[in-house]
Amino acid sequence: MNTSAPLQNVPNATLLNMPPLHGGNSTSLQEGLRDFIHTATLVTCTFLLAIIFCLGSYGNFIVFLSFFDPSFRKFRTNFDFMILNLSFCDLFICGVTAPMFTFVLFFSSASSIPDSFCFTFHLTSSGFVIMSLKMVAVIALHRLRMVMGKQPNCTASFSCILLLTLLLWATSFTLATLATLRTNKSHLCLPMSSLMDGEGKAILSLYVVDFTFCVAVVSVSYIMIAQTLRKNAQVKKCPPVITVDASRPQPFMGASVKGNGDPIQCTMPALYRNQNYNKLQHSQTHGYTKNINQMPIPSASRLQLVSAINFSTAKDSKAVVTCVVIVLSVLVCCLPLGISLVQMVLSDNGSFILYQFELFGFTLIFFKSGLNPFIYSRNSAGLRRKVLWCLRYTGLGFLCCKQKTRLRAMGKGNLEINRNKSSHHETNSAYMLSPKPQRKFVDQACGPSHSKESAASPKVSAGHQPCGQSSSTPINTRIEPYYSIYNSSPSQQESGPANLPPVNSFGFASSYIAMHYYTTNDLMQEYDSTSAKQIPIPSV
């Protein structure tokens, strides 16, 4: 690999602005330092491009094929079509454009590269890069609109989403085609590197404005989402104080009722506005006003509510961390290329450092396309676990050692059954993230299990219906382990507190507040007086 010969023919690659050294070998020292820097840049970019080709192609291919799986044949929302387009753009960048860029790195002189290859590389890299950024910006605006509570009652139709997608494709590749056609014959086979004068500089300026606008939209949107989610988590930890008449104890379930019979609307953060929370609150408070003399809910259901609230708060914190990761990845991967493009617009003369910065910037922007499926996809957690599993066993293979695992039987029964239970709990992310319930509270909430312990105690509290759920399975394991902002939009079957089955039509927020303010033993005994056996009340 000859690193000095191509750079000498590059019009944008001049010598480093180094102070002159005493002696006749100052030029040789400069050339040696320049060759060392360029070699280090090539090694770093090649290593990152290998990671992009392997991990990025795998992740985007899995995400792209998931939309054509029979179980996901119908999109959850129309906006999922944007995720499909994003995965296609990133798959093309990681699988086709990144190997082409690797070829360009080792043959920097355009004299050794066919013109058709340079034209294809210019068009695909410029078009798909800006298209991927526009898709990410549109998804960020959609999620910000959803979190801020400005999502309309009816989602956008598929025709509107399709028109928006076609508009983004048209604008992106029109700009890329103009930039490719206006490229002068150069010794560099890099996009935007030859647009140095006349109309080429105007097209480069337009490309820089579009690139900068997309990066700014993504960064600002996810910063605002993170702030909203952080405030939402703080509100959940510190519930509002409501003045209650102590002379007349309020019922534990349902919303508090004013003198004129209207239920008090509990204020919630903006995250739940125009979502299923308001529907749940309205239906439950309305049901309470009609059925105020119903049976009080048992203590096990109150424990389930507390677990759901803690689970939702944990998801808020996890969503904040994800927003921070998205902002950092966008800034780190997009700023080097943006700085090099701005420098090309402002100055007519390039430099050797600018050329290295441009190479590293294109590598990082391709690396961002490799990271997208592990951040934006619906099954991003599963992809990350598989990659970590592969890296762990690859490292163990290099160290020539095996990881010894011992299977310990869980309770009584067949070893094969316990092995299946153990593997199910280790791979079920909802079980790992949800709070671990006690066995007796699960039996009290869902009826007797099929274990031997429950068979030995045939007495069951009155009012409980058996649901046939094993005691080893947690409550509500179908809760999705990630927040709705991780997906393109909230599903029609929302997860979290709104997805819990209402018991005797009680209000969610008022039950949560009542758990904090009505904890006296006399009141609890009055609520559980209908049970045949007193159920111990957990500390909240």
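Each position is counted from 1, following the chain as shown.
Cβ atoms here come from the backbone N, Cα and C positions, even for glycine.
Relative to the membrane, Met82 and Phe374 are listed by Swiss-Prot as lying on one and the same side. For the residues Asn25, Asn420, the entry in Swiss-Prot flags N-linked glycosylation site at a single position: Asn25. Here the transmembrane segment (206-226) does not lie next to the transmembrane segment (351-371) in space: the count of CB pairs under 8 Å, restricted to residues six or more apart, is fewer than 3. Between the transmembrane segment (47-67) and the transmembrane segment (351-371), the number of CB pairs under 8 angstroms, six or more residues apart, is three or more, so the stretches are in contact. Long-range contacts of the transmembrane segment (161-181) within the same chain, counting only residues at least 6 positions beyond its ends with a Cβ under 8 Å from a Cβ of the stretch, are 78-79, 81-82, 85, 119, 122-123, 126-128, 130-131, 134-135, 138, 191-192, 195, 200, 203-204, 206-207, 210.
Within the model, the topological domain 'Extracellular' (340-350) carries an average pLDDT of 80.
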